[in-house]
Amino acid sequence: GAKGTCSSRCGDRDGLCSCHPTCSGLRTCCSDFRDFCLEISPYSGSMMGGKDFVVQHLSWLDPTDGVICRFKESIQTLGHVDSSGHVHCVSPLLYETGRIPFTLSLDNGRSFPRSGTWLAVHPSKVAETEKSQLVNQTRWQYYGTADTTGNLTLTWQASVLPTEAVTIELWGYEETGKPYSGEWTAKWSYLYPLVTNLPNSGFFNFTPKPAPQKYQRWEVGALRISSSKYYAGEKDVHALWSDEHALAWHLGADFQEDPVAWARAQCLAWEELEDQLPNFLEELPDCPCTLAQARADSGRFHTDYGCDIERGSVCTYHPGSVHCVRSVQASPRYASGQQCCYTEAGTQLLTADSTGGSTPDRGHDWGAPPFRTPPRVPGLSHWLYDVISFYHCCLWAPDCSRYMRRRPSSDCRSYRPPRLAFAFGDPHFITFDGANFTFNGRGEYVLLEAPLTNLRVQGRAEPGTTPEGTQDRGTGLTAVAVQEGNSDVVEVRLAGGAGVLEVLLNQEVLSFTEQSWMDLKGMFLSAAAEESISIMLSSGAGLEVSVQGPFLSVAVLLPEKFLTHTRGLLGTLNDDPKDDFTLRNGMVLPPSSSSRELFRFGADWAVENASSLLTYDSWFLVNNFLYQPKHDHTFQPLFPEETTPDPTQATEAAELCGDNHFCRFDVMATGSLSVGNATRMAHQWYQHRVQSLKPVRSCGWLAPPPNGHKEGISYLMGSTVYFHCNSGYSLVGAETSTCQADGTWSRPTPTCQPGRSYAVLLSIIFGGLGVVALVALIYVLLRRRKSHM
């Protein structure tokens with residue numbers, strides 16, 4: 001297109017005017033920027049599709065042609081123009097989550113010069129008002145089993161569908177073709193209507209009937225509600241979907257006549273299939289040993305919303321657990337997922353001890369890039385290979401041991417906690433190896449570079465202001481940006497308001513009004529915690545960026561594979577703090593260096609313009625950071641050993657900070673007790689996280705003796721397991737075994753031998769004594785009789 005327009009130029013900076021997201025703040029946008037680079041509302045919806053969204057800032061009062069919305073250059077849906085001239089699109093049924101590019105045609109598909117982005121999300125992350133509700137969902141999924149009959153009820157918010165009559169359809173999900181081959185495909189299919197031309201009241205009640213035989217192979221599916229004006233099974237129309245669920249209610253008469261026998265047959269068939277499929281367990285990461293580790297290792301594990309301690313520990317499928325986590329990333333070859341569950345005592349709950357233990361997944365619940373094909377389809381591959389089989393074996397039939405044998409919990413013997421580095425306050429840095437220093441530079445600096453995965457973390461430091469409004473001689477982090485390999489670039493920065501976080505994706509501001517979790521290229525992003533952003537990278541590295549007082553704090557967690565592969569202000573990760581102050585040229589400053597010498601170390605790691613990840617979307621940032629040296633040599637900071645505190649201030653700082661020298665320095669540097677307190681709290685957070693991530697020794701699961709049982713399900717160092725035998729058996733071996741510091745058990749599992757219980761032994765002993773006494777008595781009587789004769 002012409003360089004003076006944004007037609008087919010969104011994201012382009014060149015030409016007479018800009019079509020890049022930064023142009024708004026710089027006031028360099030083309031006049032038609034908003035007409036061609038689209039904002040939409042809502043911006044997200046279920047990957048199941050059917051969501052109507054409106055293109056903002058675009059009016060078409062006299063439409064002359066058809067509206068077509070094209071997603072990923074290949075999937076087209078029909079749009080429309082409403083009576084107010086607003087252009088609408090409908091999201092399509094997808095087999096992936098994440099940001100989906102789309103283009104818009106207002107000439108019936110002849111050209112698509114307008115573009116935007118749609119966020120497709122996992123069905124479980126869609127607001128309840130965006131879905132139809134299976135009232136008493138357990139009843140739907142147990143229908144036809146013992147004592148579960150009668151009517152089922154479906155409800156929905158009628159105002160979401162602007163139509164007088166609706167059709168309710170059943171759609172089924174299946175994956176066909178040879179597993180792990182190029183022919184393995186995922187498919188949603190329209191099956192049949194439950195009702196047509198139903199008044200759109202938001203309520204439907206019905207008595208299920210067995211489906212025709214040709215539909216009974218579908219055991220997982222969802223209901224779709226749409227306007228009755230559409231033909232049966234018409235794709236990608238405005239609609240409401242239910243949750244995907246087990247279709248017990250539509251199965252045939254053979255299921256309803258003997259659901260246990262039917263489910264057992266399915267369980268055995270699944271078991272046979274599992275034995276033919278590759279062993280996905282071998283490439284899964286081991287679970288963290290403790291609940292504290294699981295919650296602290298935020299780069300590799302994230303809360304499983306089906307068992308969340310923050311939401312009251314409603315753990316329906318994991319009784320005995322208070323919290324579960326899932327591995328963030330799917331395994332590299334088989335796209336499988338790890339799950340780890342923990343008891344109230346903070347130790348793992350294993351399937352070898354309880355059916356409430358954690359079970360790994362052949363299909364990761366969150367899917368895996370590039371999605372679209374099994375077993376990488378978010379949610380649905382997991383349903384087919386891990387969930388419906390759980391219904392067959394555990395919920396509809398009493399054969400759970402078969403399921404648990406093929407989905408055994410992972411213990412934690414090979415788990416290694418990540419290494420933690422932290423930047424906070426004025427700003428202070430604690431390296432991966434535990435060295436610490438204060439660097440009050442003004443500019444943009446390399447916090448971390450790791451060539452192993454081309455991971456880069458950069459930060460911008462700016463001076464604060466004193467209570468009187470003058471500039472501090474200290475600085476703090478105001479922006480942090482990260483990229484790994486060719487992933488998206490995410491930047492977290494302080495916005496205009498105090499304590500307000502702003503997140504930018506590839507230099508464009510992100511909104512979290514609809515979604516707090518986003519699947520991005522090469523990373524996941526979570527804004528679930530207040531005033532904190534978590535970034536989980538594909539390598540297992542993680543960042544947590546939080547507001548602490550007037551500045552940001554940033555925690556970086558790296559798995560062990562990054563040993564000897566890091567450089568920058570957060571140090572050289574190699575378990576040796578003496579070389580953490582390494583300059584770009586390889587020269588190492590000693591740990592005893594003064595703060596002035598360490599200031600040279602910090603300045604040496606200034607970002608270079610060509611490699612900057614940070615955003616310059618205001619003239620203040622352009623003039624002060626883009627067009628200026630990345631390290632401001634004119635800024636004179638305050639050095640810790642050169643401070644002379646005011647006596648009153650020193651007394652107040654001592655009362656607040658105690659022996660925390662980071663807090664004391666920040667009070668002196670800023671004159672603010674609140675800043676010092678924020679630094680103190682940030683440092684306490686770091687100390688707590690370090691404690692949570694301490695390595696824990698595990699001896700591994702210890703079996704109970706055959707014909708006996710054990711007490712104790714903790715297998716960590718210092719734990720003791722007690723052994724007992726069933727009635728009629730006696731213990732041969734040690735009664736207890738303790739997990740030792742070297743990771744071995746003090747005693748092996750004993751055995752229980754039959755007929756040797758204490759009661760039996762006593763009866764043998766006393767019986768034997770009785771026989772001896774009787775023989776002796778007879779002998780004495782015979783002798784007396786002989787003597788008498």
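Glycine is no exception: its Cβ is also placed from the backbone N, Cα and C atoms.
Whatever TrEMBL says is automated annotation, not expert-curated.
Nonlocal intrachain contacts for the domain 'SMB' (2-41), taken as residues 6+ away from its ends with a CB within less than 8 angstroms of a stretch CB, comprise 53-58, 89, 104, 113-116, 118, 506-509, 615-619, 622. Look at TrEMBL and you will find 2-41 tagged as domain 'SMB'.
Summed and averaged per residue, pLDDT over the domain 'AMOP' (259-407) gives 95. Among the features that TrEMBL reports, domain 'AMOP' is placed at 259-407.
Per TrEMBL, the feature domain 'VWFD' maps to 419-613.
The domain 'Sushi' feature in TrEMBL is assigned to 697-754.
Taken from TrEMBL, the feature disulfide bond covers CYS725-CYS752.
The transmembrane segment annotation in TrEMBL covers 758-782.
Segment contact holds for the domain 'VWFD' (419-613) and the domain 'AMOP' (259-407), given three or more CB pairs below 8 angstroms at sequence separation of 6 or more. Under DSSP, residues within the domain 'AMOP' (259-407) fall into helix, strand and coil as 54 helix, 17 strand, 78 coil.
CYS725 (disulfide bond) is surrounded by 22 other CB atoms, counting those within 10 A of its CB over all protein chains shown.
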